[in-house]
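Peer 1: Mind looking over this structure? Questions follow.
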Amino acid sequence: MKRISPLNTLFYLSLFFSYTFKGLKCTRIYKIGTKALPCSECHDVFDCTGCLFEEKESSHVIPLKLNKKNPNDHKKLQKHHESLKLGDVKYYVNRGEGISGSLGTSSGNTLDDMDLINEEINKKRTNAQLDEKNFLDFTTYNKNKAQDISDHLSDIQKHVYEQDAQKGNKNFTNNENNSDNENNSDNENNSDNENNLDNENNLDNENNSDNSSIEKNFIALENKNATVEQTKENIFLVPLKHLRDSQFVGELLVGTPPQTVYPIFDTGSTNVWVVTTACEEESCKKVRRYDPNKSKTFRRSFIEKNLHIVFGSGSISGSVGTDTFMLGKHLVRNQTFGLVESESNNNKNGGDNIFDYISFEGIVGLGFPGMLSAGNIPFFDNLLKQNPNVDPQFSFYISPYDGKSTLIIGGISKSFYEGDIYMLPVLKESYWEVKLDELYIGKERICCDEESYVIFDTGTSYNTMPSSQMKTFLNLIHSTACTEQNYKDILKSYPIIKYVFGELIIELHPEEYMILNDDVCMPAYMQIDVPSERNHAYLLGSLSFMRNFFTVFVRGTESRPSMVGVARAKSKN
C-alpha cells in the first residue's frame with residue numbers, strides 16, 4: 001500500500017482548513033449576533049453570496065414624487081387574478097428596449113386593458129368549450145369509436161380532435177336527416193373516421209414528436225398587435241407592453257438655458273427619452289415638454305437614426321440628438337437621447353395614448369450599457385465619466401406614505417434605512433438581477449429547483465411570479481373581504497414570504513405585500529413570465545418591495561461584479 005507523504009498530508013489539510021475557514025467567513029455574515037464581512041474583505045462575493053456594504057454617505061439627493069393615474073385603483077390587479085383562476089392564462093413580457101422601459105414588448109396590452117383582456121379570454125374559453133362539447137357529442141354518437149378516441153386523448157394534440165368534431169357534427173346532422181339509412185351510414189362513418197383518425201394521428205405525431213412545454217412555445221411567438229394568443233393546448237397567452245402602473249419621477253434639467261422635465265428613473269432600461277414641443281397631439285400637451293429650439297447646446301444627431309416605437313394601440317416617433325443635462329448638482333454634457341415628436345393612436349375604438357396612461361415627460365434609464373440603443377454611452381456612465389468624484393452607485397428610498405421618496409446619486413443616506421445593507425452580486429450586466437436560491441410562502445417552498453433570479457426594477461409597481469408558481473401562490477395567499485377597520489386582524493393569519501439568497505433571507509410580511517381595494521385584501525403580485533436563458537424571473541417592484549426595503553445599486557469594477565444592496569427601510573420618513 002502506497003504511503004502518503006507528510007508534505008501531501010499537510011497540503012490536503014491546508015486546503016481543507018482554507019475551504020472551511022472561507023465558508024465560515026462567508027456564512028457568518030448572516031449569523032445572529034455576529035457582524036457581516038465588509039465587501040472589501042470578501043474576496044469572492046459569489047462564494048459568499050454577498051457581503052456587507054461599506055457605507056458611503058452622499059448629499060446628492062433627488063426628491064421623487066409618485067405619478068399615478070389613479071392612486072387608489074388596484075382593480076386591474078384584481079381582474080388579473082380573476083383571469084388566472086382556471087389556470088389556463090399566461091401573461092408575459094419580452095426583454096426588449098422601449099419607450100416604456102425594457103421589460104415589455106412593442107405590441108400587446110397594458111395593465112389598464114384588463115377588462116378587454118378578460119373579455120377576449122372568456123370569448124376564447126367559450127369557443128373552446130363549444131368545440132369540446134361538439135367533440136363529446138361526436139364521440140357519444142359514434143359508440144364503436146368512443147373508447148378508441150378516449151385512449152388517444154393523452155397522445156394527440158387537441159386541435160386534431162376539434163377538427164374531427166366539426167366533421168362529426170356535419171355527419172351527425174346528415175345522419176339524422178337520413179334515418180332510413182342510419183345504420184349503413186353509421187358504419188360507413190365509423191370506418192371513414194377510423195381511417196382518417198389513424199392517418200391524422202400518425203401525421204400529428206410525426207409533426208409533434210417534440211412536444212415541448214408551453215413555456216418554450218410562447219417565447220417563440222411573434223406578436224402582431226394581438227391581444228390574446230391561443231395555443232393548441234388552449235392556453236391563452238397575453239403579451240404585455242410593459243408593467244407600468246405607478247412611476248416615481250424627479251426633476252431633470254435639459255438644455256441651455258435649462259428646461260425642467262420630470263422623467264421616470266428606471267433601473268429596468270438604459271436609454272434616455274424626453275417629450276418635445278414638436279409633439280402636438282393632445283395627449284402630449286398634457287405633459288411638460290422640452291423645446292430643443294430654445295437650447296443653445298442642443299445638436300441633432302448626424303446619424304440617420306430615428307425614434308419609432310410601435311405599440312398595440314398606436315406609435316410614437318421622433319429623432320435622436322444631444323444636449324446638456326443636469327441631475328441635481330451633476331452636469332452631463334453631450335448626452336445622446338431620444339426626442340419624442342409625435343404620437344398616433346391606431347385604436348379604432350378610441351382609448352388612451354401612451355401619455356394618457358403613463359403621463360410621463362421622459363425616462364432616464366439606469367440599467368447597463370448592454371441595453372443601450374441610442375448613443376454610445378448611457379446617462380449614468382456619462383455622469384460618472386464627467387464627474388470623477390462621484391462613486392459609481394445610486395440608491396432608492398420609496399416612502400410608504402408617498403412622502404419623501406428619494407434617488408441618491410453616489411452613495412446612500414443613513415436616514416432612510418436601519419440595520420445593515422447586504423450586497424448581492426449581479427449575475428449578468430443587463431438588468432439588475434441576482435440569483436434566487438429559494439422562495440417560501442410560510443413553510444411551503446415553491447422555488448427554486450431550476451436556476452432562478454430576481455430583477456430589481458424601479459419601473460415596475462407590483463412584484464411578480466412566473467406562471468409555474470402563480471397557481472400555488474394564489475392557493476396559499478388568496479384575496480379576501482376586508483375593511484379599513486379589520487384588515488390588520490385578518491392579515492394576522494397570512495404567511496410570511498421569504499426570498500432566500502444564500503444565507504440571506506428577506507422577509508415580506510402580510511401588511512407589506514397585501515393591498516386593500518374596495519373592501520378586498522389581495523396580494524400585490526402579478527403572474528408574469530420573462531423569457532430568459534436563466535429560467536424563472538421574479539420581479540421586485542417599487543410599490544410592493546421598495547417601499548419596505550432601501551435598495552442600493554453599485555456598478556462593478558474589473559475585480560468585482562456589480563451588486564444590489566438591500567436593507568430594511570425606515571417607515572417614519
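Cβ coordinates come from backbone N, Cα and C, glycine included.
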Peer 1: Looking at Swiss-Prot, which of CYS279, CYS447 bridges to CYS284 via a disulfide?
Peer 2: CYS279
Peer 1: Consult Swiss-Prot and report the residue, out of ASN225, ASN334, annotated as N-linked glycosylation site.
Peer 2: ASN334
Peer 1: Does anything in the same chain, at least 6 positions from CYS279 (disulfide bond), have a Cβ under 8 Å from its Cβ, and if so what?
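Peer 2: Non-local contacts for CYS279 (disulfide bond): ARG289, GLY318, VAL340, GLU341, SER342, GLU343.
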Peer 1: I'm checking region-level scores; what's the whole-number mean pLDDT for the domain 'Peptidase A1' (248-567)?
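Peer 2: Mean per-residue confidence for the domain 'Peptidase A1' (248-567): 86 out of 100.
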Peer 1: Which one is it, among the recorded positions CYS39, ASP457, CYS482, that lies nearest to CYS448 (disulfide bond) by Cα separation?
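Peer 2: Going through CYS39, ASP457, CYS482 one by one, the Cα closest to that of CYS448 (disulfide bond) is ASP457.
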Peer 1: For the C-alpha pair, I'd like the distance in angstrom between CYS482 (disulfide bond) and CYS447 (disulfide bond), rounded off.
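Peer 2: Cα-Cα distance, CYS482 (disulfide bond) to CYS447 (disulfide bond): 29 Å.
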Peer 1: Can you give me the Cα-Cα distance between CYS447 (disulfide bond) and ASP457 (active site) in Å, rounded to a whole number?
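Peer 2: Answer for this pair: 20 Å between alpha carbons.
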Peer 1: Where does CYS284 (disulfide bond) sit by DSSP, helix, strand or coil?
Peer 2: helix
